[in-house]
Amino acid sequence: MYDWLNALPKAELHLHLEGSLEPELLFALAERNKIKLPWNDVEALRSAYAFNNLQEFLDLYYAGADVLRSEQDFYDLTWAYLQKCKAQNVIHTEPFFDPQTHTDRGIPFEVVLRGIKQALVDGEKQLGISHGLILSFLRHLSEEEAFKTLEQARPFRDAFIAVGLDSSEMGHPPSKFQRVFDKARSEGYLTVAHAGEEGPPEYIWEALDLLKIERIDHGVRAIEDERLMQRIIDEQIPLTVCPLSNTKLCVFDDMRQHNILQMLERGVKVTVNSDDPAYFGGYVTENFAALHDSLGMTQEQAQRLAQNSLDARLV
Ligand SMILES: Nc1ncnc2[nH]cnc12
Ligand SMILES: [Zn+2]
């Protein structure tokens, strides 16, 4: 039914690899690693996917990530995501991963990175999907811990194109990580950050002015600040918007209230992404389909959104 949306060549610019962990794989990895789960089966886990806000989701997302232990686990996770990309004509992806979610559980940085990177390299060779990997800091943790993570990444500098910032937004403004991002930029990393998902427009200003980001992840609350909107339009700063995520996390009560097409028509460089597809009900094509079903997105608008994603690549 959505073959025309599936067929559009597109890039995905906002995807957390840990958020692509489907319940079936989660259970398989739990069995492989002999981990007892608090859910009886896949259906019980899926029925827990009802969230009132970002934090409720994050609590489950970090709990789910605990089944990822070995290099092979991270490879399998990433490979499963790349298969979805192939099926949906995502020809380029710039995924995030959160090293601290794993190093804080005692999994060495290099175990995580090697598994992910090997799958991405195989994806290039075998599936023709190009990539740029983004190391994302957890903003609910301290500046010092982010510096430590940047240090752990140093021997693998070439594996990354950028650093990012995710996790609980409220109370953790971009300014908290200004010095970490300064250091990262001095080492040649590009920068992106989640801002204006649940947080106010001020956080987007900080991300632009203090973290010097190339793209805004989410950014949907920019619409509350006209001066900010003008800047984003004038400078053509891309927004990586995640419609299904925004409705599942109650950023918008209903998809019919989502502002992505309004932004598109105002000249904002918005893109469509899946964020955490295993938890939010779909990959990129399902996100496009939701815009068609609920907002009446036209074929021409879909083409512009897909083209924006290709134009907004960092590599
Ligand atoms: N949507 C999101 N916002 C912030 N942090 C995240 N980590 C994974 N998904 C996230
Ligand atoms: Zn995200």
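Using the three backbone atoms N, Cα and C, a Cβ is placed for every residue, glycine included.
Features of the protein shown, as given by TrEMBL:
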DOMAIN    9-311  domain 'Adenosine deaminase'
BINDING   His14, His16, His194, Asp275  Zn(2+) binding site
ACT_SITE  Glu197  active site, proton donor
SITE      His218  site 'Important for catalytic activity'
BINDING   Asp276  substrate binding site
Among His14, His16, His194, His218, Asp275, Asp276, the recorded positions whose C-beta sits under 6 Å from ligand 1: His16, His194, Asp275, Asp276
Cβ-Cβ neighbours of His16 (Zn(2+) binding site) (radius 10 Å): 27
Cβ within 8 Å of the mean position of the Cβ atoms of His14, His16, His194, Asp275: remaining residues of the chain near Zn(2+): Leu15, Gly19, Phe96, Asp166, Asp217, His218, Thr240, Cys242, Ser245, Asn273, Asp276
Filtered recorded positions, from Glu197, His218, Asp275, Asp276, whose Cβ is under 6 Å from an atom of ligand 2: Asp275
Proximal residue to the residue listed as 'substrate binding site' among recorded positions His14, His16, His194, Glu197, His218 (C-alpha distance): His16
Length of the line joining the Cα atoms of His218 (site 'Important for catalytic activity') and His16 (Zn(2+) binding site), in Å: 13
Spatial neighbours of Asp275 (Zn(2+) binding site) that are distant in sequence (at least 6 apart) but have CB under 8 A: His14, Leu15, His16, Gly19, Cys242, Leu244, Ser245
Collapsed DSSP category at His218 (site 'Important for catalytic activity'): strand
Three-state secondary structure, which DSSP defines for Asp275 (Zn(2+) binding site): strand
Spatial neighbours, same chain, of Glu197 (active site, proton donor) - Cβ under 8 Å, 6+ residues apart: Leu54, Glu169, Asp217, His218, Gly219, Val220, Arg221, Asn246, Leu249, Val251
Three-class DSSP secondary structure - His16 (Zn(2+) binding site): strand
